[in-house]
Amino acid sequence: MLNKYARAFFTRVLTPFASMLLRWGVSPDAVTLIGTAGSVAGALVFFPRGEFFWGTITITLFIFSDLVDGNMARQAGTSSTWGAFLDSTLDRVADAAIFGGLALWYAGRGDNDLLCAIAVLCLASGQVVSYTKARAESLGLPCDVSGLVERAERLVITLVAAGLSGLHTFGVPYVEWLLPVALWLVGVGSVITVLQRMLTVRREAFEAALAARDS
Ligand SMILES: CCCCCCCC/C=C\CCCCCCCC(=O)OC[C@H](COP(=O)(O)O[C@@H]1[C@H](O)[C@H](OP(=O)(O)O)[C@@H](O)[C@H](O)[C@H]1O)OC(=O)CCCCCCC/C=C\CCCCCCCC
Ligand SMILES: Nc1ccn([C@@H]2O[C@H](COP(=O)(O)O)[C@@H](O)[C@H]2O)c(=O)n1
Ligand SMILES: [Mg+2]
Ligand SMILES: [Mg+2]
């Protein structure tokens, strides 16, 4: 949903910045790589120590590169198959670091086995959500459904909640429960999304088989 409705807004806002980077001679691939490296570092340096506020600020600064790289490639007319592969593959790396960093916190000083398991569920189910589409497309099926919780939702829900929960260390009361609630929402929502996509691909596969038999 966010991917559909927020993308146009962010394209307008980020286009001048993307043009500036192109004028400076920066390539879309460099933005993809630096954005991922920054997101991974932010997640793995801050989250396992329970520093959710600074972790979220760092990740948020870098994760917007994922909207800038494609914008740059389109403006420069250099959109490519390699670029699409690099973008999607490094998305998975950043997602793994974000939910892995949260799982490490709960496995360590956060000391909560259930929330550690839910963070791992978010990590695994989020990767499977993306895999369903990639595998369907490789089989020639469109997987023509977004589903309840796509990547933009997974990240916005988790990062907004982590950032606000992090304010607890500055003395803000009652915010620390936001992150556990967000992890439950993302975990359950991602499992539902996997099922939605699997059912869609099942229908598309049967329709394609029928069409092939009738032709
Ligand atoms: C008091 C403080 C309150 C703070 C409130 C902040 C509110 C912010 C609210 C909203 C921000 C909305 C941001 C919405 C951005 C959505 C943009 C978008 O559409 O992005 C789409 C993009 C996915 O694009 P790709 O095509 O590159 O990726 C594809 C995707 O990965 C597919 O995965 P799948 O969905 O299938 O699982 C793959 O299948 C496909 O291969 C792949 O190509 O998403 C992104 O790029 C992610 C950008 C996310 C932006 C995150 C923004 C973080 C926002 C808020 C952080 C707030 C921090 C608050 C700190 C508070 C501190 C007090
Ligand atoms: N290094 C890159 C990154 C992206 N692309 C192209 O942009 C598309 C993704 O657009 P986003 O707005 O989601 O970033 C991707 O499919 C590629 O076509 C690129 O060429 N090089
Ligand atoms: Mg991108
Ligand atoms: Mg991306």
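Please read every residue number as a count from 1 along the shown chain.
From the backbone N, Cα and C atoms, a Cβ is placed for every residue, glycine too.
TrEMBL lists Asp66, Asp69 as Mg(2+) 1-binding residues, and of the candidates Asp87, Asp95 the one it assigns to that same site is Asp87. For the CDP-1,2-diacyl-sn-glycerol site, whose binding residues are given in the record as Asp29, Ala30, Val31, Thr32, Gly70, Arg74, Ser80, the maximum C-alpha distance rounds to 15 Å.
Rounded to a whole value, the Cα-Cα separation of Ala30 (CDP-1,2-diacyl-sn-glycerol binding site) and Asp69 (Mg(2+) 1 binding site) is 8 Å. A Cβ distance below 6 Å to any atom of ligand 2 is met, among the recorded positions Asp29, Val31, Asp91, by Asp29. Of all the recorded positions listed here (Asp29, Asp66, Asp69, Asp91), the one with the fewest other CB atoms within 10 A of its own CB is Asp29. Among the binding-site residues Asp69, Gly70, Arg74, the ones whose Cα sits within 10 Å of the Cα of Asp87 (Mg(2+) 2 binding site) are Asp69, Gly70.
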